[in-house]
Amino acid sequence: MALLPVVVFLITMLLPCVLTNGKDPAFTALITTQSQVQNEIINKHNQLRKSVTPPASNMLKMEWSREAAVNAQKWANRCTLVHSNPDDRKTSTKCGENLYMSSDPSSWSDAIQSWFDESQDFTFGVGPKSHNAVVGHYTQLVWYSSYLVGCGIAYCPNQDSLKYYYVCQYCPAGNNVYTKNTPYKQGIPCASCPGHCENGLCTNSCEYEDLLSNCESLKNTAGCEHQLLVEKCKATCRCEDKIY
């Protein structure tokens, strides 16, 4: 009986890392500087994002971020199964992160699907179905405003079994602590973005983020000309007709 090809752990460990020398075709085919790999990653994310249950009215279509991919690859090269420091995965905004380890070179689609499958342990609007359920990879993957993704992979030969390390970073970051159980707005697909819809996903993304949780009320009271809003509420003030 053949051994299962993939084993995934979400534990803390430090693994020495050596990059592939190019002799392993299965690994080489996963390197994310290749356009076909980037397309696979983007297409898989968008396929899953538009298939959420319940459906989402404000789910943004994802795009590839070269900057996020560079950061993800740098972290993957360290072969450590812990999340990177938030400051190390910033682009123009804060970025979230999903990690995956495999005993064999799984496809990117399989890695991404494994994150999405955490939805089986998640109830929309409520949260994890049990105290020990891990759902943060799923909620980040389907976080409505995370529209940029970049990924990297490393080969870690000194690890006994989990030799393949996958990292994806998402910008702007999802999993807001105050709204983590509602990763998107429930409703008819694209209802929140009339005129900006492609295959059930919104395309009116915002390149900025708010650094305060009460930007909308501050806008109503102080106006976007106030220095505080200029610095801390760029999305609210510059993306009126966009999703953020």
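Backbone N, Cα and C define each Cβ position, glycine as well.
Feature annotation from Swiss-Prot assigns disulfide bond to Cys190-Cys197, Cys193-Cys202, Cys206-Cys239, Cys215-Cys233, Cys224-Cys237. The feature domain 'SCP' is assigned by Swiss-Prot to 43-170. Taken from Swiss-Prot, the feature domain 'ShKT' applies to 206-239, supported by sequence analysis. Feature annotation from Swiss-Prot assigns signal peptide to 1-21.
Every protein chain shown contributes to the tally, and the Cβ of Cys202 (disulfide bond) ends up with 25 other Cβ atoms within 10 Å. Working note on the disulfide-bonded residues Cys197, Cys215, Cys224: by count of other C-beta atoms within 10 Å of each C-beta, Cys215 ranks first. The disulfide-bonded residues listed here are Cys233, Cys237; among them, Cys233 has the most other Cβ atoms within 10 Å of its own Cβ. The distance from the Cα of Cys233 (disulfide bond) to the Cα of Cys197 (disulfide bond) comes to 25 Å.
Other Cβ atoms within 10 Å of the Cβ of Cys239 (disulfide bond), summed over all protein chains shown, number 17.
Among the disulfide-bonded residues Cys193, Cys202, Cys206, Cys237, Cys239, the residue whose Cα lies closest in space to that of Cys215 (disulfide bond) is Cys237.
Counted within 10 Å of its Cβ, the other Cβ atoms near Cys190 (disulfide bond) come to 23, all protein chains included. Note: the CA-CA distance between Cys193 (disulfide bond) and Cys224 (disulfide bond) rounds to 23 Å.
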